[in-house]
Amino acid sequence: MSQRQPQSPNQTLISITNDTETSSSAVSNDTTPKGWTGDNSPGIEALCAIYITYAVIISVGILGNAILIKVFFKTKSMQTVPNIFITSLAFGDLLLLLTCVPVDATHYLAEGWLFGKVGCKVLSFIRLTSVGVSVFTLTILSADRYKAVVKPLERQPSNAILKTCAKAGGIWIMAMIFALPEAIFSNVYTFQDPNRNVTFESCNSYPISERLLQEIHSLLCFLVFYIIPLSIISVYYSLIARTLYKSTLNIPTEEQSHARKQIESRKRIAKTVLVLVALFALCWLPNHLLYLYHSFTYESYAEPSDVPFVVTIFSRVLAFSNSCVNPFALYWLSKTFQKHFKAQLCCFKAEQPEPPLGDTPLNNLTVMGRVPATGSAHVSEISVTLFSGSTAKKGEDKV
């Protein structure tokens, strides 16, 4: 008869624990504390594949998000309302990639939680803050795109950038508030296998023996960080679709071309935000479902099998990968960002094309000419400068 091993209650990223080593012991058939040796345990090839995958996620994610942030701060034309939110999203992804992903990678070789009680609280707080920033930012972005599509010709106020920065800061504060209980109640708990007389330390948001708390925690995480925000986003995008379906351009002929371009630009950005939302939903769904499954079908012991381990690794990797795919989705969807991304990636400054007259600020437009002087053949130069506080064509929605 095969020996039954304990199964840690949390085998998902949503509760950042050292449960992978206990789940690895669940797929092992040996009696050693590590849980990595035995007929059913992952071999060196599997470990190498796991660490290569994590290394790719971390390096590619840091590179992509760092370039996105650099493009935003170095390129004046990219400092627009939607790009402020997207840059805030990149900061949240970088935070996760620099802290939680490397910590999670240590679980596959370590026997217990390595970072102590303080590390447990801090990392739990960072992890949930990053997830909150991502989903709440996407929700606000969807609301912003709905307003832009419904009122495509409305000029933004002069303080729009400042107000958007304040909104982005508010999202971070709200995410931290939601993550605060996680930091307060997270602790290092002992998980024991009576058959092997071995104990493991696990960073959890609740005592391992409290099944009801586990069920409540998994449901709250699923609702607050997935179902509710995505439901709000779905409502906004259904309204956007209805508006676009019913819309007719009842505008004067001389303004037709400019209005169409502005509307098409805002529709294109709405599509970009929708792709980012879809990527978030796809990457995080397996993680949430797996956490719910383990919370409501908890068993103290599980038969040794590679399947739980593989499914757990897949859900973690997919969730982490969401933090590195956004810059490349923007590269695919936005020619403007693609140009700046290539310039930064190749370490050279892209040549800036001569801006067309329609994009030239009127407060910087100078007209020069030569006219003959009165009563003589002498030719004089004249220079006329136009002063205005607006531009001929706005770029507030460039992505």
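Quick reminder: no glycine exception, Cβ is built from N, Cα and C everywhere.
Database features, via Swiss-Prot:
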type	residues	note
DISULFID	C120-C203	disulfide bond
CARBOHYD	N10	N-linked glycosylation site
CARBOHYD	N18	N-linked glycosylation site
CARBOHYD	N29	N-linked glycosylation site
TOPO_DOM	1-41	topological domain 'Extracellular'
TOPO_DOM	64-82	topological domain 'Cytoplasmic'
TOPO_DOM	104-121	topological domain 'Extracellular'
TOPO_DOM	144-163	topological domain 'Cytoplasmic'
TOPO_DOM	185-220	topological domain 'Extracellular'
TOPO_DOM	242-272	topological domain 'Cytoplasmic'
TOPO_DOM	294-313	topological domain 'Extracellular'
TOPO_DOM	334-399	topological domain 'Cytoplasmic'
TRANSMEM	42-63	transmembrane segment
TRANSMEM	83-103	transmembrane segment
TRANSMEM	122-143	transmembrane segment
TRANSMEM	164-184	transmembrane segment
TRANSMEM	221-241	transmembrane segment
TRANSMEM	273-293	transmembrane segment
TRANSMEM	314-333	transmembrane segment
Stretch contact, the transmembrane segment (273-293) with the transmembrane segment (122-143), Cβ-Cβ under 8 Å, 3+ pairs: yes
Non-local residues, at least 6 beyond the ends, that sit with Cβ under 8 Å of the topological domain 'Cytoplasmic' (64-82): 90-91, 93-94, 97, 141, 144-145, 156, 160-161, 164, 269, 272-273, 323-324, 326-328, 330, 336-337, 340-341, 344-345, 395-399
Ranked first among 42-63, 122-143, 221-241, 314-333 for CB pairs under 8 angstroms with the transmembrane segment (83-103): 122-143
Neighbour tally for C120 (disulfide bond), based on other Cβ positions within 10 Å of its Cβ: 24
Chain residues in Cβ proximity to the transmembrane segment (314-333) (below 8 Å; excluding those fewer than six residues from its ends, i.e. six or more beyond): 12-13, 20, 53-54, 57, 60-61, 64-65, 67-68, 86, 89-90, 92-94, 96-97, 101, 104, 130, 134, 268, 271-272, 275-276, 279-280, 282-284, 286-287, 290, 341, 399
Other parts of the chain folded back onto the transmembrane segment (42-63), taken as Cβ under 8 Å at six or more residues beyond its ends: 24, 27, 36, 93-94, 97-98, 101-102, 104-105, 108-109, 306, 309, 313, 317, 320-321, 323-324
For the topological domain 'Extracellular' (185-220), the number of residues DSSP places in helix, strand and coil: 11 helix, 14 strand, 11 coil
Arithmetic mean of per-residue pLDDT over the topological domain 'Extracellular' (104-121): 85
Helix, strand or coil at C120 (disulfide bond) [DSSP, three-state]: helix
